[in-house]
Amino acid sequence: MSMQPKPKRLYQVWKGSNRFFCGGRLIFGPDVASIFLTTLLIAGPAITFCYQIISKILHYEKTGVQDDQSPVLGLPVLVVTIVILISDLVFLFTTSGRDPGIVPRNARPPEADEAFDMATPSMEWISGRTPHLRLPRIREVFVDGFVVKVKYCDTCLLYRPPRASHCSICNNCVQKFDHHCPWVGQCIGLRNYRFFFFFISTSTILCMYVFIFSWLNIIGEKKNYHNSIWKSMTGEVLSLVLIIYTFIAVWFVGGLTVFHLYLISTNQTTYENFRYRFDKKENPCNKGVLGNFKELFFSNIPPSINDFRSWVLEDTAEIGSYTPNIVTDITNPKDKVDVEMGHKSDSNLPIPSILQILDYDAIDENLNCKHRHQDDVVDPLALHVIPESIVREPGESNHIWEGADKEAIKMVVDDRADDGTCSNGISAPIDHVIHVPQT
């Protein structure tokens with residue numbers, strides 16, 4: 001009895017580069033460690049600002065507030081800062097820990113559609129490693145009355161949905177792929193783009209909030225103690241550091257927020273915008289500014305196509321290396337070189353002795369002929385047809401094979417090489433001309 005494979009959770013046999021936590025409930029990219037750096041860059045300055053506010057509150061409670069003093073940093077500022085900080089971190093982890101819209105890959109290539117193959121305008125074809133499997137690299141589909149081209153993914157073995165693309169970092173095709181964000185350690189796609197925009201927006205708001213109130217704190221200290229602006233800045237070192245930090249950071253997150261506001265208003269993705277896909281033709285996805293914002297913020301997020309906690313049987317076949325059992329199919333150029341050099345293949349098949357007795361020097365000389373026509377196709381594994389009288393029949397002895405046939409083959413090759421011209425004679429593969437002796 002053959003042992004049945006033990007079922008496993010889908011996330012345990014997932015072919016992508018993702019990392020899973022909490023039993024497959026959380027999915028991250030392979031660079032998930034970067035989320036800790038992002039958290040530090042956000043929470044560090046915010047916590048420092050909160051510490052400064054608490055210090056000010058305790059100071060005024062201890063010394064009392066004079067009539068001519070108006071403290072800027074108080075409890076309301078502290079509460080708002082904490083709310084913005086928590087919201088920012090929630091959007092960060094929501095963006096990073098959910099399925100961005102991964103398209104499940106196929107275990108086998110799709111079947112070739114002969115009728116479609118004849119009609120497709122694409123001149124690039126996928127051989128599929130077999131003579132009978134011809135798939136167009138690009139197909140044209142209709143979306144809302146527009147013709148949209150979809151591309152075949154060699155890794156996932158499928159035609160990508162419109163606006164989908166393959167992320168080389170996560171090794172997945174993602175619906176409405178925007179980009180792979182290293183700061184959140186996840187692809188940004190159909191199912192997490194909304195939270196990504198909330199994340200960068202709240203980060204921008206937090207930077208501006210801390211920047212403004214740090215300046216107001218310095219100005220308030222100058223007014224309360226009648227100091228110069230420089231003396232007030234040196235007396236409030238934390239405020240000065242926060243002003244410099246947030247001023248630098250807001251250019252990044254603020255610029256990113258403005259850029260994505262433009263993308264949302266035109267219903268583009270970052271990937272589409274960088275490829276200038278809609279510069280010279282109408283965007284079929286554009287529904288107008290209001291319609292585009294409504295689609296993003298007020299439409300339901302589609303459920304995940306993948307159930308990472310479902311039970312599956314582990315497929316022992318490596319996805320993406322599908323090769324039918326056809327003898328004439330050469331799946332790798334290295335395999336051909338191995339045969340030509342006389343090495344054993346991975347399947348440990350015996351090497352025909354005819355490959356070991358060929359005069360390769362003479363063949364190489366013939367192949368390097370300077371006057372060969374461009375339409376000549378020379379196969380180093382093919383010989384010109386040998387007269388029938390010297391072909392070994394199954395009943396003949398090994399002595400005839402190793403003696404007369406060897407000399408006859410060498411004679412044919414040498415005669416062709418010494419002519420000074422390249423022959424266009426009929427050639428045939430070795431195993432179709434000469435009977436290989438059984439060992």
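Using N, Cα and C of the backbone, Cβ positions are placed for all residues, glycine too.
Keep in mind that TrEMBL annotations are predicted by a computer and have not been checked by a curator.
Over in TrEMBL, the protein carries these features:
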TRANSMEM  35-54  transmembrane segment
TRANSMEM  74-95  transmembrane segment
DOMAIN    151-275  domain 'Palmitoyltransferase DHHC'
TRANSMEM  195-218  transmembrane segment
TRANSMEM  238-264  transmembrane segment
Subject >> Helix-strand-coil residue split for the domain 'Palmitoyltransferase DHHC' (151-275), DSSP-based >> reply: 75 helix, 17 strand, 33 coil
Original post:
Between the transmembrane segment (238-264) and the transmembrane segment (74-95), are there three or more C-beta pairs closer than 8 Å, counting only pairs 6 or more apart along the chain?
Top reply: no
Original post:
Under an 8 Å Cβ to Cβ limit, what residues of the same chain, 6 or more beyond the ends of the transmembrane segment (195-218), are close to it?
Top reply: 42, 45-46, 49, 52, 56, 72-73, 77, 80-81, 84-85, 87-88, 91-92, 94-95, 98, 178, 181, 184, 188, 229, 232-233, 236, 239-240, 242-243, 246-247, 249-250, 253-254, 256-257, 260, 264, 296
Original post:
Where does the mean pLDDT land for the domain 'Palmitoyltransferase DHHC' (151-275)?
Top reply: 93
